[in-house]
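**Student:** I have a structure here, written as structure tokens, and I will follow up with some questions on it.
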Amino acid sequence: MEDLYGILGVDHNASVDEIRRAYRRLARELHPDINPDSADRFKAVTHAYNILSDPEQRQRYDRHVSGGFSSDFNLSDLFQSFFDTSAEFQRGSDLLVNIDIDLKTAIYGGSQVVKIDSLVVCDVCNGTRSEPGYKAEVCFDCNGSGVVRGEVRTTLGNLITQNTCSKCRGNGERIDHPCRRCYGNGSRSAPRDITINIPPGVETGMRIKIPNMGNAGGAMPGDLYVDCKVKEHPYFLRDGQDLYCRLDISLVDALLGTKVKIDSLDGELAVVIPALSQNRDVIRIANKGAVTLRGGKGDLCIVLNVLLMQKLDPEHRALLKKIMPNPPKPKLAKRTSGFFSWLKNKFT
């Protein structure tokens with residue numbers, strides 16, 4: 001077990017004021033908004049301060065360290081009593097932002113920069129809440145602990161209550177000369193550019209969590225949540241793992257077959273159109289579809305749309321009758337459902 005006094009760099013007989021000054025110095029140095037790599041150290045410093053600045057909890061800790069507790073004493077209860085009452089004060093609030101993502105980025109991943117307004121550590125007072133040249137004093141109401149304890153009589157006995165100090169709002173300090181930039185809050189609203197890393201396979205309705213990029217708080221910042229909406233693409237449609245597109249071809253190419261190049265989301269792609277292709281035939285190209293979050297990849301489904309000639313001159317009409325002297329007569333066809341009905345709804 002690490003020594004709480006050692007974490008703050010103070011002696012075991014340090015006064016509350018010395019503990020507070022040591023904490024404020026370390027908090028300015030290790031705050032995640034200023035030094036993101038020191039988040040764990042900052043959390044440890046904050047935990048140590050909140051226990052040692054509370055006379056009752058400090059006494060319990062000192063007794064345990066000196067061996068004054070029975071063997072069934074659990075030190076984690078001491079820490080838990082702190083976490084349960086002040087975790088909300090320790091952490092900044094979360095933020096939520098909505099972004100529109102193009103289909104290619106949603107399928108293959110990428111990054112996107114968004115602008116947000118969030119609370120950041122004040123750049124004038126560095127979170128101390130006091131004007132430069134001044135320092136905070138210990139709050140008289142809570143003696144610097146940030147919490148006020150009381151006793152309530154009940155039929156079951158006396159209950160000890162613990163509430164956030166209303167005078168210092170849980171900070172344990174009295175600010176006589178509040179910072180003019182942040183009005184004594186220690187943080188202020190400011191615009192920020194945040195780069196969102198989008199994993200492959202994102203779909204509309206999915207939420208991305210970015211830890212410690214929310215509002216600044218008394219200790220750790222909150223998290224940033226990003227709600228994703230995938231924009232419609234003018235040519236491609238995603239359905240599960242598969243991508244669909246429609247390819248217009250001439251009657252000649254449908255009858256004789258051909259080879260064409262199309263610009264897919266994955267780059268230029270050569271497509272072979274078989275001879276005697278029918279309208280709404282589907283050419284399926286494996287592993288050229290959408291990527292999923294679990295790493296699978298679907299197919300690219302190319303739906304053929306055969307374009308008939310809008311006009312026939314007498315020469316072409318005579319030629320067609322010569323090629324097909326006995327075409328099949330029109331007749332009713334059985335109604336179909338399922339796949340082709342779905343295609344009709346999607347592409348007509």
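Yeah, the Cβs are placed from backbone N, Cα and C, and that goes for glycine too.
As annotated in Swiss-Prot:
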type	residues	note
DOMAIN	3-65	domain 'J'
ZN_FING	109-191	zinc finger
REPEAT	122-129	repeat 'CXXCXGXG motif'
BINDING	Cys122, Cys125, Cys179, Cys182	Zn(2+) 1 binding site
REPEAT	139-146	repeat 'CXXCXGXG motif'
BINDING	Cys139, Cys142, Cys165, Cys168	Zn(2+) 2 binding site
REPEAT	165-172	repeat 'CXXCXGXG motif'
REPEAT	179-186	repeat 'CXXCXGXG motif'
**Student:** Excluding Cys122, Cys125, Cys179, Cys182, please set out which residues of the same chain place their CB within 8 Å of the center of the CB atoms of the Zn(2+) 1 site, keeping sequence order.
**Tutor:** Asp123, Val124, Asn126, Gly127, Thr128, Arg129, Ser130, Pro178, Arg180, Arg181, Tyr183, Gly184, Asn185, Gly186, Ser187, Arg188
**Student:** What does DSSP give as the helix, strand and coil breakdown of the repeat 'CXXCXGXG motif' (122-129)?
**Tutor:** 0 helix, 0 strand, 8 coil
**Student:** Taking the Cβ of Cys182 (Zn(2+) 1 binding site) as the centre, how many other Cβ atoms fall within a 10 Å radius?
**Tutor:** 21
**Student:** Do you know the mean pLDDT across the zinc finger (109-191)?
**Tutor:** 82
**Student:** Can you name every residue in this chain, apart from Cys139, Cys142, Cys165, Cys168, with its Cβ inside 8 Å of the center of the Cβ atoms of the recorded Zn(2+) 2 site?
**Tutor:** Phe140, Asp141, Asn143, Gly144, Ser145, Gly146, Val147, Val148, Ser166, Lys167, Arg169, Gly170, Asn171, Gly172, Glu173, Arg174
**Student:** Using Cys125 (Zn(2+) 1 binding site) as the reference point, find which of the binding-site residues Cys142, Cys165, Cys168 has the shortest Cα-to-Cα distance to it.
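**Tutor:** It is Cys168, whose Cα lies nearest.
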**Student:** Expressed to the nearest Å, what is the distance separating Cys168 (Zn(2+) 2 binding site) and Cys179 (Zn(2+) 1 binding site) at their Cα atoms?
**Tutor:** 15
**Student:** Which chain-mates of Cys139 (Zn(2+) 2 binding site) that are at least 6 residues away have a CB under 8 A from its CB, listed by sequence?
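**Tutor:** Looking at Cβ-Cβ distances below 8 Å from Cys139 (Zn(2+) 2 binding site), excluding near sequence neighbours, one finds Gly146, Cys165, Lys167, Cys168, Asn171, Gly172, Glu173, Arg174.
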**Student:** With DSSP assignments reduced to helix, strand and coil, which class does Cys179 (Zn(2+) 1 binding site) get?
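**Tutor:** Looking at the DSSP assignment, Cys179 (Zn(2+) 1 binding site) belongs to neither helix nor strand, so coil.
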**Student:** When you measure from the Cβ of Cys142 (Zn(2+) 2 binding site), which residues in the chain that are at least 6 apart have a Cβ under 8 Å away?
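**Tutor:** The answer is Val148, Cys165, Lys167, Cys168, Gly172.
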